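Student: Annotations per TrEMBL:
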type: DOMAIN; residues: 4-286; note: domain 'Glycoside hydrolase family 29 N-terminal'
type: DOMAIN; residues: 297-382; note: domain 'Alpha-L-fucosidase C-terminal'
type: SITE; residues: 215; note: site 'May be important for catalysis'
């Protein structure tokens, strides 16, 4: 309807009877198999500390009983369930923080199209739809985080972003705890917000001076579920770990997207990937959680060693196991009392000062194997500068 992309049109023609409208999809969205407690358990085992649910995307269907989205929400039609509320309850039982994604705009809402036509001089859509829904979400679900999107066609003055944010931070029930991202009108991104997203899959090259978040997706081609997704299009374990490590060493948070099915199921391949990340974090989480960027983020010599720190302790996370099991780190300056351990391995490691600068660490011997070892290890350095 918007792009008139030939491939999209072919897809629709091949799969749906002529005259099918978007509204016809609502009854097919059943969420029959949606079990919020299972989701919460999965996310907890994946090592997540916060979870963000899409409450409404750019097409306008709301996953809660929005009072201003009559008959176009998950309570009145489709699942006949309050998906936002159910997941929130399950996450809070599991002590996970709850974030709500919400799109300010709706591609084909007649009120929005009329405002757009006026060059955004009128605000019917914002006053009758966007703002009532945002206030409703905050008052009803008291989120820990609001992940705003769909802002880029209009300025923040059209969206009434500043008055909403002023209320959120001064008078709302979550005023002392809530955080927001940076998508509140054109020109806001990467400039205003509790944390910055800057762009989808954004990767800074150097350490940003503001808290930020890298949002990525396990399906490399989509943020939603695709029935025709192939294995090659799913991120592998090494890529996930690499993205996480790079992000955290540059002071960011990692938000990893999975698109559930219309039945409310997270595909087994996504579950497998999330659990693999969780296992990695069980061993190496000490180098990730509550860490701070160190004075050096990565080794200049190679892009496979990244640093994080916690107070005086420094962690060097290497993504490839060195061939001779000798790890050369040129950035840390050791002292006679320096102590080196490998997370997940008992005992201390031998090390010596490098002839040039830095240190040479002797890693435990690994048995030869036809397969490369799993990805990512962290050495803990105590007593280095």
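Backbone N, Cα and C define each Cβ position, glycine as well.
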Student: Same-chain residues six or more away whose CB lies under 8 A from the CB of residue 215 (site 'May be important for catalysis')?
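Tutor: Long-range Cβ contacts: 197, 200, 201, 202, 255, 256, 257.
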Student: Work out, from DSSP, the number of helix, strand and coil residues along the domain 'Alpha-L-fucosidase C-terminal' (297-382).
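Tutor: Residue counts for the domain 'Alpha-L-fucosidase C-terminal' (297-382) by secondary structure: 0 helix, 40 strand, 46 coil.
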Student: If I take every residue in the domain 'Glycoside hydrolase family 29 N-terminal' (4-286) and average their pLDDT values, what number comes out?
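Tutor: 97, rounded to a whole number.
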